[in-house]
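K.L.:
First the structure, which I've put down as structure tokens, then a few questions once you've had a look.
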Amino acid sequence: MTERASDIPVDATTGIAAGSEPAAEQSAPAVRPAQHVPVVAVVLAAGFGTRFDPDNPKQLVSVGGKPIVCWSIEAFERCERVSDIVVVVNAKVRGTVESLIDEQGYGKVRIVIDGGAERVDSTAAALDTLAAAGIPGDAKILIHDAVRPFVEQSAIDGSIDALDQFKAATVAFASTDTILLTQDLGDLKVIRSVPDRTDSYRAQTPQSFRFATIRHAYELAAADPDFHPTDDTRVVVDYLPDEPVAIVAGSETNLKVTTLADIPTAERIAEEILGRDPKEEARARMHALLAQAAGQLR
């Protein structure tokens, strides 16, 4: 059975243990071997999207014969470098999600917690839980929208690697469309400016941070009642402006299922994934990692 927030198990690999002092108050070791740094995936599955079917939460909709939330959890379960998974849910479907986790045998899921009214509240709840568990400040935290079921392993690996050089990173996909920044004029929107398309990216997830960094950014944001970010990198950009946020290459298939109209596209992607040869997929992942390493050496 999935652990509750009041009973987080001790994990010898990650050092997560109930009763430890919050990480924000700890000083991270000056040097910690990479293999000993916890890598925690936070899967945000608490939303009840108003643009979807209100009686059927999109996280539980089956795509390719599998609930969307399971696709997302499995992506991190498969990654050998991820040590722990925290799943944040809406209280109304907590029992259902816990049953799915038990049935599927997701061994890295340490805890399922209730989320908040907005995405930012769910992230804050996860950070509070990790702090109470004594997660170290240098831990790598990957925050992922459960409704992006097809995140690729290369994006997860790239996010983990980016945190060796930066304290914050996000998966993003270069925009092929011209982006328009607008303002109100009467009853209509008018163009305010047109940024250079070569500098425009579409934010995706996971968004990744060293724990002490994202925790500190959220503490600063909590003092501003008018701030309602739509993603976690915005919190860092606004409240830790001197902290650069790295871009990790995303993909067109890292789709966010937002409305019912997205389901047919999701089904097509799932069908393609399920039809792949596992050996070919492993080779493709290796080529992607080698290409990324070559780029870092230039």
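Residue positions begin at 1 at the first shown residue.
Using the three backbone atoms N, Cα and C, a Cβ is placed for every residue, glycine included.
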K.L.:
Could you tell me which of the ranges 1-30, 181-210 is annotated in TrEMBL as region 'Disordered'?
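P.N.:
From TrEMBL, the annotated region 'Disordered' range turns out to be 1-30.
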K.L.:
Within a 10 Å radius around the Cβ, which one of these recorded sites has the most neighbouring Cβ atoms: Lys58, Arg197, Lys256?
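P.N.:
Result for the most crowded candidate: Lys58.
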K.L.:
I'm trying to understand the geometry here, so how far is the Cα atom of Lys256 (site 'Positions MEP for the nucleophilic attack') from the Cα atom of Lys58 (site 'Transition state stabilizer'), in Å to the nearest whole number?
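P.N.:
With the alpha carbons as reference points, the distance is 11 Å.
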